[in-house]
Amino acid sequence: MTHHTKLDQPYLSPCSSSLHLQAPLARARSEQGRRGAAGGDYFCKEMGENGVPKHCYPAAAAAAMEVTSMELGHTAGSKCYDDDGRLKRTGTMWTASAHIITAVIGSGVLSLAWAIAQLGWVAGPAVMLLFSFVTYYTSALLADCYRSGDECTGKRNYTYMDAVNANLSGIKVQICGFLQYANIIGVAIGYTIAASISMLAIKKANCFHVEGHGDPCSISSTPYMIIFGVAEIFFSQIPDFDQISWLSILAAVMSFTYSTIGLGLGIVQVVANKGVQGSLTGISVGVVTPIDKVWRSLQAFGDIAFAYSYSLILIEIQDTIRAPPPSESKVMRRATIVSVAVTTLFYMLCGCMGYAAFGDAAPGNLLTGFGFYEPFWLLDVANAAIVVHLVGAYQVYCQPLFAFVEKWAQQRWPKSKYITGEVDVPLSLSGSAGRCYKMNLFRLTWRTAFVVATTVVSMLLPFFNDVVGLLGALGFWPLTVYFPVEMYIVQKKVPRWSTRWVCLQLLSLACLIITVASAAGSVAGIISDLKVYKPFVTTY
């Protein structure tokens, strides 16, 4: 239950034979012969401090050394391989931060103004700060579980499930796997909904600009979900997590772009209103019924939890960080505190400014709920940035699931050419002299089927706030709190009924109560929406 081996050839490489069925060690020998014959080439590149390649050794000598090292299992001192025999990881605190920011500052930021409107000026920001603290603390606990034993030389756990399996046992491993991958599927659905709403908002903003704000400009979101799905089919063919850093960095830039625009528009609206809107306790009973006030408040907790959710892919992100010193856990804790601090600042600014601008009438999605109409071109830029960000965020979340299914299939049917074979697809007209994409037929069909399935489900449940709240509630306690706490207790041998043990269990219990209450509020909202919604017909 691990990622693709990093000894595999890159997914973009010089064109060679049409089918690759070699094991990593055989591939290394093949590479030794091919490059050794070339004479003047180099087998590998030593990575500098910033991941910049340096020359290593001549091809023949380096290849012979590395193959021998792999055969003997001695890779700890290798210039090209890490202590587990995989190609040198090159991730840093900054690349890890980019992955985290891409995962965290997602569509959830746009629902925070609505969430604060349900809770008010006192509880809203307080709950946001509480979730940020809990997320950082439990992420630090989880980062310590990447290696079993010594933090620098212990056995690596490549995935969240590997970490649970190494520290806990029995049914907990299966429960963790189910919750993690079910949550990933849910996030894929939520991001498809959010992206389609942002694309639809671009169309509606232009319609309002031409036809006036009184025109309903009703548009179906279905075509936009299909467009997003087609884009994800293309990007999902990038084979592994460590090959999407560029997409994460681009997505992180986009998240800052639309968050800044939302913040700026909120400030302008506050100035236009000549004062701050809202109240200390949020939307009041009378505007909504008492029971609706309760359900909305609980759903707001789920929305805020979703906005901080990334623990389910933390171990996978940590597995991209280069080998010690310093240890991966120390680098990951630094990346976490930087990322959580930056996101909390943006969340406080965007959520609070959105509430200050619109008060209790804050829209469920700040940039697509049309609290703002002008300047329409700036709204178009912000919503386009959201779409680009969500394309990247979708991949950051789904790569662990893709890798898990493909690893399982390779172990189940190791001799199947359909599962393990790779076909060279030329990317230029120059044939063998150009670059090739290594296409795996199973990867192509399975990932395409996954994207199609999540897109179809998104068409059936396009309720942004309710779906976001439910996803946040279901994933928060078990994946962000319970498993990190339990693994930390086992790994650090925290004595039962000690002060630390009691505090950790109280934290877990409190978060469980919040999770159950938030899930109930979101389910109530979805049931209410379904009473008036017609699949594939309802327009916005």
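Any Cβ shown, glycine's included, is placed from N, Cα and C.
TrEMBL labels come from automatic prediction, so no person has curated them.
Residues annotated as domain 'Amino acid transporter transmembrane' in TrEMBL: 89-527.
According to TrEMBL, the feature transmembrane segment maps to 96-117 (among others).
Marked as transmembrane segment by TrEMBL: 123-146 (among others). Long-range contacts of the transmembrane segment (123-146) within the same chain, counting only residues at least 6 positions beyond its ends with a Cβ under 8 Å from a Cβ of the stretch, are 112, 115-117, 156-157, 163, 166-167, 281-282, 300-301, 304-305, 307-308, 310-311, 314-315, 318-319, 328-329, 332-333, 336-337, 340, 343-344, 347-348, 351-352, 355, 480-481, 483-485, 487-488, 491-492, 507, 511.
Residues or ranges marked as transmembrane segment in TrEMBL: 181-202 (among others).
Under the heading transmembrane segment, TrEMBL lists 246-272 (among others).
TrEMBL lists 335-356 (among others) with the feature transmembrane segment.
Panel annotation: around the transmembrane segment (376-397), residues 99, 102-103, 105-107, 110, 184, 187-188, 191-192, 194-195, 198-199, 201-202, 205-206, 208-209, 228, 231-232, 235-236, 238, 241, 244, 247-248, 250-252, 254-255, 257-258, 261-262, 265, 312-313, 367-368 of the same chain, lying at least six beyond its termini, place a Cβ under 8 Å from a Cβ of the stretch. What TrEMBL lists as transmembrane segment is 376-397 (among others).
Annotation comment: TrEMBL describes 444-464 (among others) as transmembrane segment.
The transmembrane segment annotation in TrEMBL covers 470-490 (among others).
Annotated transmembrane segment per TrEMBL: 502-527 (among others), in sequence order.
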Distant-in-sequence neighbours of the transmembrane segment (246-272), which means Cβ under 8 A and at least six residues beyond its ends: 95, 98-99, 101-102, 105-106, 109-110, 113, 235, 238, 346, 349-350, 353-354, 356-358, 366-367, 371-372, 378-379, 381-383, 385-386, 388-393, 395-396
Contacting positions for the transmembrane segment (502-527) when only residues 6+ beyond its ends and CB under 8 Å are counted: 134, 137, 294-302, 305, 461, 463, 465-467, 469-470, 472-474, 476-478, 480-482, 485, 488-489, 494
Listed stretch, out of 335-356, 444-464, 470-490, that has the most CB pairs under 8 angstroms to the transmembrane segment (181-202): 444-464
